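Report on the following structure.
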Amino acid sequence: MLPVVVVHGGAGHIPKERSERSTSGVCSAARSAYKVLKGGGSSMDAVVEAVMVLENNPSFNAGCGSVLNVKGEVEMDALVMDGSTLSSGAVSAVRNIANPIHLARLVMEKTSHACLTAEGASRFARSMGVPEVPEESLITEYSRMRWKKNLAPDSNPVECQMGKMGTVGAVAVDINGTVACATSTGGMLNKMEGRVGDTPCIGSGGYADNMSGAVSTTGHGEAIMKVTLARHILFHMEQGQSAEAASDLGLAHMKSRVGGLGGVVTVDPQGNWAARFSSLQMAWAAAQKDSLHYGLYTGEHFTQIIEDAH
């Protein structure tokens with residue numbers, strides 16, 4: 001069953017003209033991460049690779065392609081967690097960084113802290129030699145168009161949220177049975193400056209523990225935070241539920257308790273995995289046993305052989 005990687009490109013409603021790009025994007029990310037695992041890389045190497053591929057793809061709300069805050073600026077959040085030691089690293093409200101997930105990993109590996117924010121995170125990035133990029137390079141025409149549209153007094157940001165390509169994330173188990181998660185986002189459309197959602201919060205945007213499994217979440221951040229969705233799902237797995245059943249229980253709890261919609265990718269240390277969502281769509285892909293699995297709508301599950309797996 002090992003190794004395995006599962007990737008999501010965000011839960012919500014994806015416009016038809018963008019859905020093909022989102023599906024091919026998550027498939028590319030899963031293939032790339034699986035190659036890392038097949039080459040003996042760690043689950044952390046794999047999830048960071050998957051998320052970097054998605055951050056570099058302008059179709060997703062992370063890195064290049066991030067949505068804009070109310071001032072028309074990009075502020076991004078990211079989180080990584082290692083299931084063997086429970087070490088984690090996160091950044092929030094960072095600007096001018098092409099790959100916030102890489103910076104989150106540096107926070108985990110090079111500092112004694114779990115999360116750095118805003119200007120402090122930028123200073124740390126500079127000290128680590130992480131290049132700054134012009135904000136313009138992270139902003140797409142699509143993001144700018146949607147930002148303008150949502151400045152209208154009668155717009156509903158939560159509803160409009162659902163038209164965006166969402167937060168991205170990945171979970172993996174390597175050949176040693178170590179799990180890891182990574183999640184990255186541009187946040188919520190037309191959010192207040194300085195708003196931080198679930199993504200960089202341990203237990204909400206993601207969680208990884210070799211004793212139970214790993215989860216990466218996507219959806220309405222405020223709702224996810226209220227129920228600490230990632231940790232909630234792993235609690236069910238600790239009680240003996242499968243990755244799929246636990247994911248469904250967590251999402252159902254979030255919907256009934258706080259009216260929140262979202263999606264998750266989940267994996268246990270044995271390599272059993274799930275990609276589940278309560279929203280209309282979630283682009284997802286998984287790679288295991290030299291096969292690629294993927295889908296976009298509920299109940300959709302396509303499979304193909306990964307040709308270059310060896």
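In case you wondered, yes, glycine gets a Cβ from its N, Cα and C as well.
Other Cβ atoms within 10 Å of the Cβ of THR167 (active site, nucleophile) number 34 in total over all chains. Sequence annotations record features per position, and here TrEMBL assigns active site, nucleophile to THR167.
Listed in sequence order, the residues of the same chain lying 6 or more apart from GLY221 (substrate binding site) and placing their CB within less than 8 Å of its CB are THR185, GLY187, MET188, GLY197, ASP198, THR199, SER204, GLY205. The substrate binding site feature in TrEMBL is assigned to ARG195, VAL196, GLY197, ASP198, THR218, GLY219, HIS220, GLY221.
Put simply, THR167 (active site, nucleophile) is 10 Å from HIS220 (substrate binding site) when counted between their Cα atoms. Of all the binding-site residues listed (GLY197, GLY219), GLY197 has the fewest other CB atoms within 10 A of its CB. The record assigns ARG195, VAL196, GLY197, ASP198, THR218, GLY219, HIS220, GLY221 to the substrate site; their largest pairwise CA distance measures 16 Å.
Of all the binding-site residues listed here (VAL196, THR218), the one with the fewest other CB atoms within 10 A of its own CB is VAL196. Summary: among the binding-site residues (ARG195, HIS220), the fewest other C-beta atoms within 10 A of the C-beta are counted at ARG195.
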